[in-house]
Amino acid sequence: MEMKWFLSKIQDDFRGGKINLEKTQRLLEKLDIRCSYIHVKRIFKDNDRLKQGRITIEEFRAIYRILTHREEIVEIFNAYSENRKILLENNLVQFLTQEQYTAEMSKTIAFEIIQKYEPIEEVRKARQMSFEGFTRYMDSRECQLFKNECRKVYQDMTHPLNDYFISSSHNTYLVSDQLLGPSDLWGYVSALVKGCRCLEIDCWDGAQNEPVVYHGYTLTSKLLFKTVIQAIHKYAFMTSDYPVVLSLENHCSPAQQEIMADNLQTTFGESLLSDMLADFPDTLPSPEALKFKVLVKNKKIGTLKETHERKGSDKRGDNQDKETGVKKLSGVTLFKKKKTRKLKIALALSDLVIYTKAEKFKSFQHSRLYQQFNENNSIGETQARKLSKLRAHEFIFHTRKFITRIYPKATRADSSNFNPQEFWNIGCQMVALNFQTPGLPMDLQNGKFLDNGGSGYVLKPHFLRESESYFNPSDIKESMPVTLTIRLISGIQLPLTHSSSNKGDTLVIIEVFGVPNDQMKQQTRVIKKNAFSPRWNETFTFIIHVPELALIRFVVESQGLIAGNEFLGQYTLPLLCMNKGYRRVPLFSRMEKTEKGTLKV
């Protein structure tokens, strides 16, 4: 039956005789078989018996079987099939219950799976599943490691803003280094597409009375402020409905600040939050209450009540002094000159700052006594790290009440990033990273914010929100540890960056990121000369004390004895978003834009 179905699907493509590599690739895609060109090219070469660059229908069938009839899938299918040819509906129910942990509605789910993935019509009508259908199901999104429930917004979005981790970027306009590289609108567009909800805009006086955006005192190129916010307006709510915060690093004169205020109002219109919400006069609103709103984060003069009373009046030419620290970067040598000067704040811009007033952090004690609910702090990574080590409990008490933004130190001229996990562990809401720089910190950022539908808002665990909690990430006194067991079965068409053969010596590293006690890594043995279908069949066990903060990262490498191991792909996700059962782990390249190969666990 399968043979008959298979021939009916492909015989038209062979009416003109043999087919070449490109047609082979296209035909495989038509059959819904995911395949990497590098691997198909190698298998095509192995099966082209006459070595003429063209293959027969039989040779194509051999290629198809190599790609789809993977030993590990055959073993699972045969374990549940009564005749090793077909799965009856109740066999599939048994598999879903025993292996995939879908105890509820298994019969309904089994029927839906058959209807969706079984390609052979008569098998589908008999409510059965062939190996062809089973392979397609096992390769589908439904069998991915990441839980389907986490792909949508499922958390309570009615808590105040300070109760959430918020996806945040640093110097969003830069697309390379911090000193010489270009400023580009793409920085904002790509960050928003990735679900980023807090964007940084460095504003300076520009020619023709037009404020500009660039990294001050450096040779980075300049963008017009109005062009930047027009791009933000276009992409702000494409990925997420929840509020976008514009974190202004404001160095403009009052006259150009007024132009910025005009630009913001003209561009965003009703989306711009320019007054208190009636229901939230003295507490931070929730992401739900602020849906499709743009918030301005900047210094502010006076109170929210005064702002409300001025609503609708002409504020032009009205500005006041505000003390501010300025950091200067000279040429391309990087050093800090600290001086305090009076920055005049235009009332028109000040009045657009509602729930995100930038206030310099002095001390935890000062904040406890004087900080208002709508005031946020930005703390550099070095100071924040010191405070998190020496005064973790006070830091967590602070982040329970106030939105706290952590940003990379000035000496990171190459746009490198710190590990964000240490600041999530103490409840910091806005841990701002250089989104343009691939590597471990951005893998963790992307992994963490996969959760809650990629909305850019993830509810903090209860122990980082509740005042009676005495949580300290470095000293876990009470916990309910979970045991995570991962059986790493195989790799499927793993990426190869340096070679067009499949002869990589491949290994997998599994890492846990979370509180210090949970940080650990384990790795498989090296499978020699096989990146097409390496099989490890190794089991790893991790004891995790604070599962709510844990991220799991899979890294695939090709062993290199001289130059070190070569990175092939990675996948990072929150522990609590992991499915049980036989699962597929998609692998992403260093720039995490495209899926490259998969692992079976």
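The backbone N, Cα and C atoms fix where each Cβ goes, glycine too.
According to TrEMBL, the feature domain 'EF-hand' maps to 35-70. Confidence over the domain 'EF-hand' (35-70), given as mean pLDDT on the 0 to 100 scale, stands at 90.
The domain 'PI-PLC Y-box' annotation in TrEMBL covers 349-465.
The domain 'C2' annotation in TrEMBL covers 465-589.
Proximity of distant same-chain residues to the domain 'EF-hand' (35-70), defined by a Cβ-Cβ separation under 8 Å and at least 6 residues beyond the stretch ends, is recorded for 6-7, 10-11, 14, 17-21, 24-25, 27-29, 131-132, 135, 490, 492-493, 495-496, 500-502, 531-533, 596-597. Residue counts for the domain 'EF-hand' (35-70) under DSSP, helix first, then strand, then coil, are 23 helix, 1 strand, 12 coil.
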